[in-house]
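Chemist: Just dropping this structure here.
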Amino acid sequence: MPVSDIQAGPHSLAELVVDLGAVAHNVRRLRALAAPARLMAVVKADGYNMGARAVALTALDHGADELGVATVGEGLETLAVLRDAGRTAPVTAWMWYPGEPLDDAVAAGLTLGIPSLEHARALTAVATDRARPGQSPVRATLMADTGLSRSGIAPGEWGEVLDLVAAAARTGSVEVTGVMSHLSGADDATSPATDIQATRFRRAIDDCRARGLDVPVNHIANTPATLTRPDLRFDMVRPGVGVYGVDPCAGGGAGEPGAGDGADGAVGAVEPGAAGDGGRGLRPVATLRARVTTTRLVPRGESVGYGGLWTADRDTRTAVVAIGYADGIPRALTGAFDVTVRGRRYRQIGRVSMDQIVVDLGPADGPEPEVRPGDWAVIFGEGGATLSEAARALGTIDYEVLTLPRTRVRRRYIPAGEGEGAGAGGVDGREGDAAGAVGAGDGAGVGVGTETPVNPGAPDGTVAVPTAEAMRQVGEAVGRELRAGDVVVLTGPLGAGKTTLTQGIARGMGVTGRVQSPTFTVVREHRPSGDGPGLLHMDAYRLLDGLRDDDAHGTGETGSAGQPEGTGSAGQGAGHGESAARSAAVLDALESLDLDGDLTDHALVAEWGEGVVEPLGTRVLHITLSRDGVDAPGDDEARTLAWRWTGR
């Protein structure tokens, strides 16, 4: 069964969207950093809750050499997955107890970690019992305790274990694959413990070789060490959470929850890289979202949910979202987190119940929110809060949040395309169609699921874009055309796909960080991962909100999301002097954000920027997005994209 066909669970109201393209990217990125060392992708705990089968096969397809799991049961299941897929790769399991039945494991070729003298005695006894001519040896990895004091051979037992295992290796009943250990604080670059553990690990390897043990593949580097400690990569690295897009060194790891994250959501904040990315090029894999099932009006004085924890102080619009503590939303999070619907954040109110939550859409006498039954409410991931924000709300780490969604939450897999992640399939944070992913082409023109090629280097053109991923593919082609100082002006109604297009532009430029709607941060900076320019992603309309209040021009009306109605933009219809004033205001605003000089080494993508940002660039690319049925609740209609260059 192809990975893209995997669908687990009958519950269609809540889903965990797993971007296998991001898994592929992360494995390639980690593999490139570690080269020439091998890479073991850790797929324990059902692939960190993403689905071990899908992650394992994707990881092996994109550069992983081996797989790691915790338990013998997980190891046997993983070997069965590989066998069914016609694949082979070493699989190591490191959690078992002396006396556990091991016949199936050793017969299947599972490599077993040895964490104590008692384990060594048990495993060598099994090896001796099954030893006979032509029988394959039992594969084992020695686990050295270098300072974690959890699982690993204690220093006082180390010599006796080596003698026992070396004797078994000489008979051919045991094959020692190497030495492994685990770091206690590699996410803290200032911790002296890592260097102490590294010294002990090297000594353990030397001890093995002094006793005649060939230990060819030794590994201690987890995700943070893989990213930051080239000296600890040895023969193989063993990343876990990095495969799933989390950089523990950026605040998503074992230290203080959320440390190092940007102030996502603060107007005027500049995001140097998405939380959990740390500028090292890892891409988030998971998006947790659930359907809005109903909206209603709660009169002033009425309470919401069990225990009446929240009472309306005014007539209030609310929405019910089909996810609760049975799905992995902790009851302790009551009133402490937001969901995102159509690019807007809404606070959860009342008690988190077993199957559903309620969110506050705002006062009844305010602008009517664009939230309808059937919309996706994003808990974390693409189009919503970052994983680190969700962890911060819970007072924990990214690792735990990844493993929260439970079995009733349907897993939906977006297959890996031509070496890139497809994202969660959202167009401006809403559901898209992942089936239209195509290759990026050679730069002369990229197909987007139609017969019409796209060549954004041409002076102008128009193309139909059938899916969200097709929109990203067009954006990728645009990104490859951009250079420092270029300005891209994006025009189109709410939900037309401006942010989705920008995700592709970022991909084509090769910049770091996660692209999401700039509604709450106004300007996001995405730094280059190579020699090319960086990217500034701007909401020009919101940046000039104050100027518009003082000197109203343009459409004169705003939609419920704070954006212009229809297809107009912030400065559409302004005269030459007014446009110049707005452009000057943009420059002033950029200066206030310490970005005034950045246009010399960045390209600028401005949503709602028509008539405002053009004077900032010598080359300006105007892109207009449109679609049929703008007011329809669905999101499956095709878009039309038109582009035009000026100043070339």
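Just so you know, glycine gets a Cβ as well, placed from its N, Cα and C.
Copying in the features that TrEMBL gives for the protein in this structure:
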| type | residues | note |
| --- | --- | --- |
| ACT_SITE | K44 | active site, proton acceptor |
| MOD_RES | K44 | N6-(pyridoxal phosphate)lysine |
| BINDING | R150, M354 | substrate binding site |
| REGION | 255-282 | region 'Disordered' |
| COMPBIAS | 255-265 | compositional bias 'Gly residues' |
| DOMAIN | 285-414 | domain 'Alanine racemase C-terminal' |
| ACT_SITE | Y306 | active site, proton acceptor |
| REGION | 417-444 | region 'Disordered' |
| COMPBIAS | 418-427 | compositional bias 'Gly residues' |
| REGION | 547-583 | region 'Disordered' |
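Thinking about packing and proximity, how do these listed features fit into the structure?
Modeler: Under the three-state DSSP scheme, K44 (active site, proton acceptor) falls in the helix class. Here K44 (active site, proton acceptor) comes close to A52, G68, V69, A70, T71, E74, G240: these same-chain residues lie at least six apart in sequence, with C-beta atoms under 8 angstroms from its C-beta.
In the three-state DSSP classification, R150 (substrate binding site) falls within coil. Every protein chain shown contributes to the tally, and the Cβ of R150 (substrate binding site) ends up with 9 other Cβ atoms within 10 Å.
Note on the domain 'Alanine racemase C-terminal' (285-414): DSSP counts are 22 helix, 50 strand, 58 coil.
Residues within less than 8 Å, Cβ to Cβ, of Y306 (active site, proton acceptor) and separated from it by at least 6 positions along the same chain comprise G350, R351, S353.
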Chemist: Once near-sequence residues are set aside, which residues in the chain of M354 (substrate binding site), 6 or more away, have Cβ atoms under 8 Å from its Cβ?
Modeler: G324, Y325, A326
